[in-house]
Amino acid sequence: MAPPLLLCLILTFLWNLPEAESNVFLKSKVANRFLQRTKRSNSIFEEFKAGNIERECIEEKCSKEEAREVFEDNEKTETFWNVYVDGDQCSSNPCHYRGTCKDGIGSYTCTCLPNYEGKNCEKVLFESCRVFNGNCWHFCKSVQNEIQCSCAESYRLGDDGHSCVAEGDFSCGRNIKARNKREASLPDFVQSQKAILLKKSDNPSPDIRIINGMDCKLGECPWQAVLLDEDDDVFCGGTILSSIHVLTAAHCINQTKNISVIVGEIDISRKETIRLLPVDKVYVHTKFVPPSYLYGHQNVDRKTYDYDIAIIRMKTPIQFSENVVPACLPTADFVKQVLMKQDFGIVSGFGRTQYRGQTSNTLKVITVPYVDRRTCMLSSDFPITPNMFCAGYDTLPQDACQGDSGGPHITAYGDTHFITGINSWGEGCAKKGKYGVYTKVSNFIPWIKAIMSLK
């Protein structure tokens, strides 16, 4: 028989056995929370769950395919992988002038804003204003590789540093009548004739001759001035530059003793109802070469018309309106780099409707393309000086004619119209193989400004 002490120990052990079991073994529901394997997620949102990228690619090296399984998106995978392999090449901001950097493996790519190029967008295309005029609405100047835009008189530079804002209702070069049209800078007569510049016709219509020309509607040639002699007959044209200045040709001035001026009219058949403006003074360029002068010991008809430019000062100011607006005076660089590279210029006048015919009572207008200098010089039997340029057609019968002399050659840039030439001379009117010859206004900008500044 077991000793009493051993029996007591056995009974005590058996009594505490259920409690010991409960402390050693977990209930199945609780145990499963620790022992059951959690299924991995491959959803697109896994990249936002802490530890996934670190577990796959930071704590241990991963493959691109493993990264792809995490992101399940090619673009996000590429972005991550380029940085993961060799670091972020864009961290130093290598793209200049607000270019956008995209990282690559061992490289980067800059996407440049317009007008910049180069690996780092470091090259400024507009540094010399030769591309799209530096994005300037009017004048462009390059200063230390920076573009400086400026505007014609009566305009101010816009807040963007490129646009030009008119400071008045009748700022220069504004074709007010055409502004509400779909193509605001091109009046009806320009839109009607744009196709002529794109094709040549073996049988051109006589309706499109400048000497039989298209009518300029009221307000579409607002810078046009008309010069009348003492008999109130039209003898030349002109261009309004300011309220007291009209630009014309020097060879017009000696054709009459008295000059009066008409502005804002497209029909001058009833001159008695039209206001004639008196002239105060006329300034002719001192270097003007008349068509006939003593050459050696002989009278030689040279017909050079060099320096064929004059300015008329009005006795009373011209009143501006929708139908009377001055043309803008350009800069010489702007003419050379921009205006003379346009498709065409605009010529208007009350001149003869045919060679040696009668002058027109209605204002006529035509668009004429610029002619390269070599072609111009080869076409003429007379000298073409550096102060002249040619415009017109060699085959189409379109040209200015007698009575149009002194009138405007205008070139539009955007919605602004600039004076680029003075109708000077030609060999006949619309003669085949010949062009109209115009005084190159850009050569006389300082002279014009000097005369206009006189009191």
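Each Cβ is built from the backbone N, Cα and C atoms, and glycine gets one as well.
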According to Swiss-Prot, Cys390 takes part in a disulfide bond; indicate which of Cys376, Cys401 is its partner.
-> Cys376
By a Cβ-Cβ criterion of under 8 Å, what residues six or more beyond either terminus of the domain 'EGF-like 2' (129-164) are in contact with it?
-> 115, 171-173, 328-331, 333-334, 337-338, 413-414, 416, 418
Other C-beta atoms that fall within 10 angstroms of the C-beta of Asp308 (active site, charge relay system) = 30
Number of Cβ atoms other than its own within 10 Å, given for Glu65 (4-carboxyglutamate) = 8
Non-local Cβ contacts of Ser92 (O-linked glycosylation site) (under 8 Å, 6 or more apart, same chain)?
-> none
Across all the protein chains here, work out how many other Cβ atoms are within 10 Å of the Cβ of Glu60 (4-carboxyglutamate).
-> 9
The domain 'Gla' (41-86): mean pLDDT?
-> 64
List the Cα distance (Å, whole number) between Glu72 (4-carboxyglutamate) and Glu65 (4-carboxyglutamate).
-> 10
Name the one residue among Glu60, His251, Asn254, Asp308, Ser405 whose Cα is closest in three-dimensional space to that of Glu69 (4-carboxyglutamate); these are the recorded positions.
-> Glu60
